[in-house]
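The next block holds one structure in the form of structure tokens; read it before the comments.
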Protein chains: 2
Amino acid sequence: MAQQQSGPRTVRAARGTALSTQGWQQEAALRMLSNNLDPEVAEHPEKLVVYGGTGKAARDWRSFDAMVRTLQTLKQDETMLVQSGRPVGVMQTHEWAPRVLIANSNLVGDWANWEEFRRLEALGLTMYGQMTAGSWIYIGTQGILQGTYETFAAVAAKRFNGSLAGTITLTAGLGGMGGAQPLAVTMNDGVAICIDCDPSRIARRIEHRYLDVEAKDLKHALDLAVEARDARKSLSIGLLGNAAELVPALLAMDAPIDIVTDQTSAHDPLAYLPIGVAFEDMAGYAAEKPEEFTRRSREAMAKHVEAMVGFQDKGAEVFDYGNSIRGEAQLAGYGRAFDFPGFVPAYIRPLFCEGKGPFRWAALSGDPADIAKTDQAILDLFPENESLARWIKMAGERVHYQGLPARICWLGYGERDKAGERFNEMVADGTLSAPIVIGRDHLDCGSVASPYRETEAMLDGSDAIADWPLLNAMVNVASGASWVSIHHGGGVGIGRSIHAGQVTVADGTKLAGEKIRRVLTNDPGMGVIRHVDAGYDIAADVAAERGVRVPMREGE
Amino acid sequence: MAQQQSGPRTVRAARGTALSTQGWQQEAALRMLSNNLDPEVAEHPEKLVVYGGTGKAARDWRSFDAMVRTLQTLKQDETMLVQSGRPVGVMQTHEWAPRVLIANSNLVGDWANWEEFRRLEALGLTMYGQMTAGSWIYIGTQGILQGTYETFAAVAAKRFNGSLAGTITLTAGLGGMGGAQPLAVTMNDGVAICIDCDPSRIARRIEHRYLDVEAKDLKHALDLAVEARDARKSLSIGLLGNAAELVPALLAMDAPIDIVTDQTSAHDPLAYLPIGVAFEDMAGYAAEKPEEFTRRSREAMAKHVEAMVGFQDKGAEVFDYGNSIRGEAQLAGYGRAFDFPGFVPAYIRPLFCEGKGPFRWAALSGDPADIAKTDQAILDLFPENESLARWIKMAGERVHYQGLPARICWLGYGERDKAGERFNEMVADGTLSAPIVIGRDHLDCGSVASPYRETEAMLDGSDAIADWPLLNAMVNVASGASWVSIHHGGGVGIGRSIHAGQVTVADGTKLAGEKIRRVLTNDPGMGVIRHVDAGYDIAADVAAERGVRVPMREGE
Ligand SMILES: NC(=O)c1ccc[n+]([C@@H]2O[C@H](COP(=O)([O-])OP(=O)(O)OC[C@H]3O[C@@H](n4cnc5c(N)ncnc54)[C@H](O)[C@@H]3O)[C@@H](O)[C@H]2O)c1
Ligand SMILES: NC(=O)c1ccc[n+]([C@@H]2O[C@H](COP(=O)([O-])OP(=O)(O)OC[C@H]3O[C@@H](n4cnc5c(N)ncnc54)[C@H](O)[C@@H]3O)[C@@H](O)[C@H]2O)c1
């Protein structure tokens, strides 16, 4: 057994094929827990914080040590129970059962608020698990890039025949999340004008090759954009300035914009630059006069949103990208703020109806060659899916691995199980040098109840019904996942979401193959039945075509 | 396949050994669902309401039909998913997996209130599952009687050497729940004075043999009580009147009361009789002047509670029996209302620390002789447990079965699995004429987060942490239970609790024996580890003695 330590240290997943556990299922859990805390992966590894504010992989270092110790001796018919990042039990189960069961940050409804959560956290009784932080399947910023890519691919599919070639997208915000926008647009062969008021953000995105060029001014940006568009070349253009001024200016100029969205930090009025304030003065002003600042930033957002609606009136595709800018503009008195939709109902929900969602995997060998081989396997399996092929190729070229090599792409019902079984065969026949872990984010088609995002504006009004993620977790346990988690409050905060995750290990055994087939059928299957139940025709068609059973529609 | 109907009808579980399904696991689910709607069992079967306000077994009759249809064809490696009383999917799992997974009434935290729940219910999108209503293991009023018996047994164990012989208990409220008190006290060999202001309630309890006699007046009640006590005979005495007057009067008389509690409907001030109001005028007055009535009923409760505290000051054992009378008295301005404890922290939590809780089972044969044999098996297995023996014998004599013959008793960690395995052997060797289903209520030791009742005043302040019931559900799925459920809002209402249930079928097979051993070890094991984690010494002792693994206490 490894020497036990009690405080912060550098953690990194083991590589290669030597096990420090009783089997690959346990080894995978140990490596992925460790990988989440790898300094390349985690934002604040010394505090066990992986990403997303305070999303943690373990409650504290003593709990981390106890989990490592327990995983190292855990048998093939035992299961470790984890309560908000702390191991609280080991029980005898069986071979088909998960090796780890996790419940993070869950609170009874009337107590499900940040205040009570922080109180309990301060007492050492809970931790914030976010989504993949506390369930040990975070893979770094590739996830954000891919999600953004997928959204723009869905825009392309809806309005532009599957490609953004020949279109210009206008957006703002090049921060932690928003910075993925320019690359996501160019990966879809489009042109993007990206406004940010912070010059350092523009410089950083160029340095990391997420953004191609910076324009000198508005006119320069538009000239570059039109030229690239006409040549049907992809190009991303940074533009320094205030979006609340520049977006209306572009509208006034009658700029030929096809798509408009925004990822400034509008959810927090103290982080959105008002009109007439210099970027350098922003932080001081917000701190000194927060109420005045809020009033003025909301006024600016109203102008910004009004211009977005103006572009929509002229025929552009316009959507809210999850930053609440519509709500803030409405607070400032702008009446048409909700004239354009949020991105989930507009683009993501149709994918959810097909059981599509963020399928991801990591190579336990640590060898990038294993991911290259799985990339090729995906291309071979789904040759007809062009957007998928574009992503896989570009990701192979552009994405830097953080921690264990990993890949993410969106696959639907009937696809995920195929990919998973293929990976398992590739482990079995030695094509891959070690097992693969297959998981997903919690914001999948049938695994989340989150009325401000993933389940906003459901057709039948069932936004807040949380039975679905719980059924998702239970059916994953019943199908043979390697570890399963139920979380509360990820993404949108305490009190606002309940969601479940699963990770399944392809260790090349026949049993793993059987488990993978069930888990990767049933898990996206939850997305299909959730949307059939809510009345979506696409989901009903998918269920009928692909044989997903819906008892209420049978035998009547 | 059975003829499908679409509206209310009389439902009753099949009896005997002929199956209308593919196996006993499915048959058990079908029979128990049907049994919950048996007119002998359910309060309003035509509305699918089983008990507890609007606690339902199925969303609507169409959903009921679809569940019956699905269960009749469900294979040994398939699982039906039920979302708030409606079957939403059938998925391929495996032999060790549950045949049914249920999630009822769950809502995202910020939406977890009655208003949103009722809105969704009216849209036909959810139902209230209570605890055993929506998870198909309600067995009628025996459950209440046994819970009340167990509480008084715990009082006896704590203060009176394990028996109430030679003691007098004073209580009030002979309603649906409170009416079990007189019989529970006499089953513990004690004497009870039970006050109610409604003469019809007293008459009904005497008719059903839950109450022995009615006293003419206060003095008569006390004379009867003292006489029985001195003869160490059990006796329950009904006394008509207002508890807010009679309890203080008994205190003023210096009546020799040993135990005081109350189950008037104090949780609802419009249902508690104020002082100076005739019982006949109560309903009209409450309807006409609800605010005045509330003020006066709270004042009366303050007097009532003040007298209870007076008895405690004189040395009596006093407790709140879950009706919020302390809170109401405090609202009326009485400062010492919380001087006496709630029943869970006082008596039930020490049992929870040992993994004890409401173990129940039903005979799928429908033959009472099967229950008689299991009763005997329990007596044989635990000969040293006197309170258990007393209960089993009395229950056999006094309890009328409702629907399928059933029994309930409290068993702890290391006991439930023994009982379950014995039952399975008795099915295998033909001692019993058909399989037995084994389940429990959701208010078990490790299956509920309910800060106003089961997890009130936890030692470490973790009352609202809801990870535990979710882990409980998942580990039951992972251990081989036949059906598993996660509910929200049972007992104390929407927003106030999250809880899980499991039912496991002893069909006499070797596989069922393996599953039973795991489920009935791990399920109460959750209670032990939950209380170890919260810092209870009894739980830590039980874990150490009986080998329950707690990773944080290992290998350091
Ligand atoms: N798709 C989703 O559902 C999703 C996912 C993650 C984040 N978000 C939301 O997207 C927003 C951006 O997230 P982030 O992590 O990138 O935030 P961030 O704070 O890292 O970046 C915000 C950027 O906006 C810029 N900005 C602020 N005011 C501006 C103005 N008036 N004009 C031009 N630029 C301005 C800032 O300089 C900064 O670079 C947040 O509101 C976040 O909640 C949505
Ligand atoms: N142990 C638990 O945790 C638990 C379980 C179930 C119910 N309860 C609580 O116990 C209480 C009783 O439940 P129930 O189902 O029996 O209610 P119920 O309404 O059926 O019966 C209440 C009885 O109290 C009587 N009563 C009202 N005011 C009175 C007064 N001033 N003096 C004398 N009698 C009076 C009524 O006549 C009635 O018979 C409720 O508050 C309920 O919430 C607690």
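Note that Cβ sites are derived from N, Cα and C of the backbone, with glycine treated the same way.
The active site annotation in TrEMBL covers A:Cys409. The NAD(+) binding site feature in TrEMBL is assigned to A:52-53, A:Gln130, A:176-178, A:Asp196, A:Arg201, A:242-243, A:263-267, A:272-273, A:Tyr321, A:Gly491. For A:11-137, the entry in TrEMBL reads domain 'Urocanase N-terminal'. If you look up TrEMBL, you'll see A:140-347 marked as domain 'Urocanase Rossmann-like'. Residues annotated as domain 'Urocanase C-terminal' in TrEMBL: A:350-544.
Where TrEMBL records a feature, it is marked here on the structure.
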residue: A:Gly52; record: NAD(+) binding site; CB count, 10 Å: 18
residue: A:Gly176; record: NAD(+) binding site; CB count, 10 Å: 15
residue: A:Asp196; record: NAD(+) binding site; CB count, 10 Å: 27
residue: A:Ala243; record: NAD(+) binding site; CB count, 10 Å: 29
residue: A:Ser265; record: NAD(+) binding site; CB count, 10 Å: 18
residue: A:Tyr272; record: NAD(+) binding site; CB count, 10 Å: 29
residue: A:Cys409; record: active site; CB count, 10 Å: 23
residue: A:Gly491; record: NAD(+) binding site; CB count, 10 Å: 21
Which secondary structure state does DSSP assign to A:Ala243 (NAD(+) binding site), in the simple three-class scheme?
helix
How many whole Å apart are the CA atoms of A:Asp196 (NAD(+) binding site) and A:Cys409 (active site)?
28
Could you tell me how many residues in the domain 'Urocanase N-terminal' (A:11-137) are helical, how many are strand and how many are coil under DSSP?
41 helix, 25 strand, 61 coil
To the nearest whole angstrom, state the Cα distance for the pair A:Gly491 (NAD(+) binding site) and A:Cys409 (active site).
20
Binding-site residues near ligand 2 among A:Gly52, A:Ser265, A:Gly491 (Cβ under 6 Å):
none
Measure from each Cβ of the recorded positions A:Asp196, A:Ala243, A:Cys409, A:Gly491 to the atoms of ligand 1 and list the residues where some distance is under 6 Å.
A:Asp196, A:Ala243
Based on DSSP, name the secondary structure state of A:Cys409 (active site): helix, strand or coil.
strand
How big is the gap, in Å, between the Cα of A:Gly176 (NAD(+) binding site) and that of A:Cys409 (active site), rounded to a whole number?
20
A:Tyr272 (NAD(+) binding site) and the residue listed as 'active site', Cα-Cα, nearest whole angstrom:
32
